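Reproduced below are the annotations present in TrEMBL:
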- 17-150: domain 'Malic enzyme N-terminal' (DOMAIN)
- Tyr38: active site, proton donor (ACT_SITE)
- Lys93: active site, proton acceptor (ACT_SITE)
- Glu135, Asp136, Asp161: divalent metal cation binding site (BINDING)
- 162-398: domain 'Malic enzyme NAD-binding' (DOMAIN)
- Asn285, Asn316: (S)-malate binding site (BINDING)
Amino acid sequence: MSDFRKQALDYHAYPTPGKISIELTKPAETSKDLALAYSPGVAEPVRAIAENPDDVYKYTAKGNMVAVISNGTAILGLGNLGPMASKPVMEGKALLFKRFAGLDSIDIEVTHRTTQDFINTVANIADSFGGVNLEDIKAPECFEIEQALIERCEVPIFHDDQHGTAIVTAAGLLNALEIQGKDLRKAQIVCLGAGAAAIACMELLIKCGAQREHIYMLDSKGVIHTRREDLNEYKALFANNTDKRTLEEVITEADVFVGVSGPNLLSPDALKLMAEKPIVFACSNPDPEIKPELALAVRDDLIMATGRSDYPNQVNNVLCFPFIFRGALDVRAKAINDEMKLAAVEAIRQLAKEPVPESVLKAAGIDKLEFGVDYIIPKPLDPRLRTRVSKAVAEAAVASGAARIELPKNYMTE
Ligand SMILES: NC(=O)C1=CN([C@@H]2O[C@H](COP(=O)(O)OP(=O)(O)OC[C@H]3O[C@@H](n4cnc5c(N)ncnc54)[C@H](OP(=O)(O)O)[C@@H]3O)[C@@H](O)[C@H]2O)C=CC1
Ligand SMILES: CC(=O)C(=O)O
Ligand SMILES: [Mg+2]
């Protein structure tokens, strides 16, 4: 067993199995405490909530609690390994919610027969939480599931692999293009992968200014083009009228490569074909579409990002989901709309241009970080993400009418 594998397994196993637990927020030491916490005292908030449903936010943990829900059909880039195998990732998301945004969360892994079964299960429990973070659910089912839940639920529903990834990708890419002296409206973009992350990333890039006809998308069968008859409705929106059929053909002279597919699918020879000053986001986890050392060995004019913590430029949805939920829950948003997503893009993007605090350098084990090829996007451990991104999201929720309450006084002042 490799040293790293053993470390990772031991981390998860000891001293207590798993990564999360539940702690009490009220004393439960005396008979008086128990009389308040449980019978008879608990009857009072029950009566209050029955009379005024909004009191659930006053008397229970709902307003600070997110459900992380998966069926394990697209666990990272490891594939469909089932609900139980997804549990470490879902506990990991709960860990990140707590560590970065102070949000409590619980993982729920759903075993189901049909897509409708999954939708019914989540819809029936969603109200217990301030919001629902859907995770690692494969395409195309993820699109139908998210849409149906948005329509049925009163709390924000957010498929992280779609929108969290798209927000961080857009923020990083806008900065990378700026550094390379390129314009998103003119950029030729290749997207390897045509699933949850890919479709959402490209749709959000289009909202930010990319041209749909400048995007070539590929799935496991090759380039998505208008003569294919096996396309679902989501892929069909990206079908190009082209004779190009291979990655090598579409990547020639491309400015941007976004990989949200699987490990080692971009060869150094294909990378050599890109235009000058290319940008490669190899975001598959845990193993990227191309390893940075291989990519940088063939292109010294490259901006390179991966989804991992152990290379520069981590383009990973961890930069978004804790903070977008923090902002949404703090104003009791009904949904997470485009205005809130675009506010998050801008807040993440701008933070990378500011001087980096000493504490962040120390946590990253780096002496210096400056906006440039090796620093296009903030580090996940940057505490300013919480204040900046959550605030931008909460303000956008209020301005766009998604919020149910006003911004709290002095909200997120640093
Ligand atoms: N860095 C980050 O923050 C994030 C990274 N990701 C990564 O993105 C990847 C996809 O995740 P997600 O979208 O949720 O999963 P999905 O299952 O929804 O999509 C996977 C896509 O990858 C395509 N694919 C698989 N093999 C190949 C291949 N050989 N060539 C081209 N395309 C291929 C599939 O093609 P087909 O449609 O033909 O089956 C499918 O379109 C994972 O590796 C995941 O780790 C995801 C979310 C966040
Ligand atoms: C980061 C993440 O959510 C994924 O790779 O699926
Ligand atoms: Mg995921």
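Including glycine, each Cβ sits where the backbone N, Cα and C put it.
Caution: TrEMBL annotation is automatic and unverified by curators.
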Counting only other Cβ atoms and using a 10 Å cut-off, which of the binding-site residues Asn285, Asn316 scores lowest?
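Result for the binding-site residues Asn285, Asn316: minimum number of other Cβ atoms within 10 Å at Asn285.
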Can you list which of the recorded positions Lys93, Glu135, Asp161, Asn285 have their Cβ under 6 Å from some atom of ligand 1?
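Within range of ligand 1: Asp161, Asn285.
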The residue listed as 'active site, proton acceptor' has how many other Cβ neighbours within 10 Å of its own Cβ?
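Total other Cβ atoms inside 10 Å, all chains included: 25.
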Based on Cα distances to Asp161 (divalent metal cation binding site), point out the closest of the recorded positions Tyr38, Lys93, Asn285, Asn316.
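The answer is Asn316.
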Report the nearest neighbour of Lys93 (active site, proton acceptor) in space among the recorded positions Tyr38, Asn285, Asn316, comparing Cα positions.
Asn316
For Asp161 (divalent metal cation binding site), what is the tally of other C-beta atoms lying within 10 angstroms of its C-beta?
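There are 26 such Cβ atoms around Asp161 (divalent metal cation binding site).
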For Asn285 ((S)-malate binding site) and Tyr38 (active site, proton donor), what Cα-Cα distance in Å is obtained after rounding to a whole number?
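Roughly 45 Å, rounded to the nearest whole number.
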